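Database features, via TrEMBL:
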COMPBIAS  1-15  compositional bias 'Basic and acidic residues'
REGION    1-33  region 'Disordered'
COMPBIAS  16-30  compositional bias 'Low complexity'
DOMAIN    47-104  domain 'Zinc finger HIT'
Amino acid sequence: ERCAPESRREREREAAGQGPSPGPAASPGSLEDILSEEDEQDRVPLQKLKLLGDSEELRGLLRNPHLRQLLLTIDQAQDKSSLVRKFMQEPLFVEFADCCLSIVEPPEKENILPE
């Protein structure tokens, strides 16, 4: 699973007898150390992530204490993926996710006639 703390690279190192690599909490590693090649397609560039901080709409959503509690619950959960699936039934969480996606992956301007 993508949220599991052990990556494929760590399992390969252990199998080769090199022992586990230090986790992100143990040392300040780069994202490349944490993510495997399979995760690359789901990765959002840092400059796009920084756009989230500039969004007034997102800030407004994050002022909602219910949404903040949902996000804290996910952050602290062992099984994050099943919890996210559950929360995707919550309209507030869906609104948050849609807002984040529209910022990092703006919809393409389709079906717009040239002037």
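The backbone N, Cα and C atoms fix where each Cβ goes, glycine too.
TrEMBL annotations: computationally assigned, not manually curated.
Counting residues per DSSP class in helix, strand and coil order gives 47 helix, 0 strand, 11 coil for the domain 'Zinc finger HIT' (47-104). For the domain 'Zinc finger HIT' (47-104), the predicted model reports an average pLDDT of 93.
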